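One structure is given here, and the rest of the page talks about it.
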Amino acid sequence: MPLKNLKLISAGAGSGKTYRLTQEMTALLTSGAARPSGIIATTFTKRAAAELKERVRVKLLREGMTQEANELKNALIGTVHGLGVKLLKRFAFEAGVSPQVDIIADEDHQRLFNLSMAAVIKVETIEEIEELCDKLGLSLDGEKFNWRKEVLRVVDIIRGNNFDADAIAKSKRKSWEELAKILPPVNAKITDESFRSRLKIALSETIAALEANEDVDATKVTATGKNTLKRLFSQLNRKGYLPWYELCKLANFKAKGVGAKSRDLVDPIVEIGQLHPTLSAFQNDLHRYQDLIFDCAEAAIAEYDKYKKNRGRIDYTDMEVLVLGLLDNPSVQETLRRELDLLMVDEFQDTSPIQLALFLRLSELAKQSVWVGDPKQSIYGFRGAEPRLMKAVMNANGPVNPANIQKKSWRSREDVVYACNAIFTKAFPDITEEAVVLDPVRTREGSELAPAESPEFAERSGIMHWHFELDGKGRISKSWTMDVLAKAITELLENPPLILPKGSDEERPLIAGDIAILCRTNYGCVEMASALAKQGLPAAIARTGLLQTAESTLILACLKYLLNSSDSLSVAEILLFGSRHDLPNIIDSRLDFLEEQDDDSKQDRPARWEENDPFISILDGLRTSTGEHSTSEMINLLLERLDLRRVIVAWGDGEQRLSNVDELRRLAVAYEDNCHRLHRAASLGGYLLYLDQLLRAEKDAQGASERPEAVNVLTYHRSKGLEWPAVVAMNLDQKLRADVWGISVEAEKEEVDLSRPLADRWLKYWVNPYGRQTKGVDWLEALSESQWQVRSTDAATAEEARLLYVGFTRARDYLILPTNKDGAPWLDRAFARGGGTVPVLTPDSTDAPFDWGGKEVNKFLQTWTEPRNLPSAELGYTAVPFIDELREGRKTYPDGFASPEWRLDNYGGGTLARQHRYFSPSAPDPATDERLYGQAIGNFLSGMPTQLDPAIQIERAASLLENYLPGGETDPQEMVNQATAFSDWLKQNYPTATVRRRVPLNFQISNKQIHLTADWLLELDNDQLVLIQDVYQSGKQFDKQSAQHVADLALTQDAVRSLTGKVVAESWLHLPVMGCVWNSSASVAVKASVGEQGSLFT
């Protein structure tokens, strides 16, 4: 029965999925079937959400729907986690959480969980698990198995599937019950003690027999086997047990452990080895380990939940569970039914089980639901995506409407599209052909939608088969294949084919940045990048090892030296990488320094090693000025002051090194953000410890600098959603990974109840007790033929078919398929799902089974026969442009601010010539702030209140005193009287002057920007000026700072003269609190230079 209001849209790779989403949302908005505020749309990434929102907005604006475009900001468009947080904040009361949702970041999750696990797991339990890891072959080659990570994986699956305590108990029980059905019955007659005794005797006797048989069998294999038995005998005596994988080897010792002439001698230990699966100790160890992992997971979940509740925090899984619970709340359901017009889900095939349950609930509440995706691209099973559940949704909804299947490929050339049609219609037998096949828009002939290809471009097939043969005999290694591939790419770039860049109508030759090499693993990517480097080609790749690079070493050495000037190792690294000293010279310099330090007779011994080195000197100067700087600020300062970018680029591969520098800067900001989240203080020492943790966890990822001259190298999984003109599909010779061991979610019923999609499921956890061995005992053979192996093989085959589809459909112009003598079994397996048995790629013919729809598709075949050791080439040097050709170092610029010291130095020297008291105020109240009182008086006088009615004068004076609040007893009448006295003094001395008050003065002198105010500026009849400046201080303060005030007055006088071009005849300082004015000696000098004007006080 179709699900209510659910429209499923099948959008194959490159078929215009985002365009279809835009069209669907715009159509509903345009018709009025959906309001912007009534839309919930989920995407896989934030970038996809931003792109969808922008496209819809532009589309609405083009159709004249301005209001809807503006209101689109009210739509909930984002990732599942982002939308879940918004819903949780809105319905916080119903969910029982704080509206200020505090989400634990992913990078903090592992650390906090480990703390929780450490709090509940006892030391005795840890010791028991460690011993079981040794017995079960999990800890090999001297490395302890990280069982805590295994517990976290179990916890993530339990929480991601919303398993309760009953489901956990059922999973623990069924995991053992199902495995016990395959194991042989326990032999109760053999005790642990008797078995150890028999084993010890058998080992001792067999060793003696082999030594006695040395004259008959002196082969190397027998000698090695004898030494192995001696080692096991010693280990048994030391530990009291042997790991079970060693007993598995003993069971096969006759065939692989000794030569033919000694095989009869090892029958006793072979018999003992074959007996071990029936031992109660063996099965108890397996059972106990499984139980302990489940018990630790359950206890850690409880403790982790307690930790989060005590601190009011949740993680993203909690958020999903809480939102899922919210959707069962009747009031929330009623609200969403009323408000939710459209639910849109992008990439529905990649949702986790709990997210799928969320979408199904929301679909029931929404008026319309649109899910867009492609089951063929469901490749994130390791993140929790479960194709089985999505298949159940599609089956329940019925066949996809043909109108809802995107039929055109807008990305790839016709050869690539037809080849993918031919391959993947067979690789996906459970998907209808209509949902797999795409019609190419880009054809050789061209159309209204795409330009025609030029003859040169059209002549070359879009499918390239590169076959590599070894010149000589022997096994072909992966590294050799990668070396030859790197050489082939070099030759391709020497004579590049044409491509059509995305969004362009003009063809151009292929460049290195147009090529992407896809590998199955991150380690394979690193190896491929190394192979490219041998051929002189840089690679754009996300890989670890940031902190081992030279640029990181130099920057961190500078930071460590700032932290501790006695860090001699950091000094040595700075001298080596920064100052470019030779290593022998550095060693000699260090030895000389230590010798001088021990020589007490030398008086001029240096305080620190190499303290005069330019780098060290600059760092010593920075140490005193960076005490309050954050780590990110210190790194930026180092890069600028030491010009480290230019130093680093000179080493070659500049773009990658600069990308690594930026990654160090990003990590500094991430560390500071992390401290902020955890309410901790960030420090330089803490940052260095943070980097050390990343290094130990192998998470110190280098920057991936995508650039035109670098070949892109990445995994198939990382390539999803991207595209390149040329794609090289590596690892086609990969064996099928169908491991029955490990963790998987199993269904109890074939049918999925979509009303309860998370029900009737349990977690299977099995561990291989023999380490890396998968054969050798009877019960392993039974396991390989069991239903569990069949399920695992089917799931792995389907998974790798989907991964191959993702890889092949990344190519726009050329799909390159490299093979060696091992062929392409990965591709063959995908093709064989449709019944094929013949290899798809043959190295002796251009024919390939890629014809489609009457169109013939031939591959372009090229063969290389190369020696085992290929010659290397130097990595090409690419110049990195800088804005300036040469840095002159840090410059000192003059201060643009006229400081008090500068004013005193340049305008000081004058004195106060005369004092005149125009008013005698009452003695001030000791509680009065004379500075504030002076400001009140000055502002009152500047208003020239004497022209107003006396009552108004009193009112304004009282208002000013109320606003300034100088404190103490102040009389408004006294301010009125002082205003009258000051006005009389002005009229007496300058009866015809025009009075200007608070005149702004802005000018430049000696590279100083001067901003002043002339408090009183009087224009005389003779076109000269009188300057009066107020000083708001008490008499005592004024006496102490009189020199500074005289200098400021002289500067103001100079400014007035410069701006007006007039002579300043007199300059006065006015102290309102005292009712006094002082005449400055500077003004007397000016008067003398322009002629005698008479005295004011005679």
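Heads up, the Cβ atoms here are built off N, Cα and C, so glycines get one too.
Source: prediction; values computed, not measured.
The domain 'UvrD-like helicase ATP-binding' annotation in TrEMBL covers 1-413. Summarising the annotation, TrEMBL assigns ATP binding site to A11, G12, A13, G14, S15, G16, K17, T18. Residues or ranges marked as domain 'UvrD-like helicase C-terminal' in TrEMBL: 421-721.
Distribution of TrEMBL features across the structure.
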{"residue": "A11", "record": "ATP binding site", "CB count, 10 Å": "22"}
{"residue": "G12", "record": "ATP binding site", "CB count, 10 Å": "26"}
{"residue": "A13", "record": "ATP binding site", "CB count, 10 Å": "24"}
{"residue": "G14", "record": "ATP binding site", "CB count, 10 Å": "24"}
{"residue": "S15", "record": "ATP binding site", "CB count, 10 Å": "22"}
{"residue": "G16", "record": "ATP binding site", "CB count, 10 Å": "18"}
{"residue": "K17", "record": "ATP binding site", "CB count, 10 Å": "22"}
{"residue": "T18", "record": "ATP binding site", "CB count, 10 Å": "15"}
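Reduced to three states, the DSSP call for K17 (ATP binding site) is helix. In this structure, G12 (ATP binding site) belongs to neither helix nor strand by DSSP; it is coil. Excluding A11, G12, A13, G14, S15, G16, K17, T18, which define the ATP site, the same chain contributes R20, D374, Q406, S409, W410, R411 within 8 Å (Cβ to the Cβ centroid), listed in sequence order.
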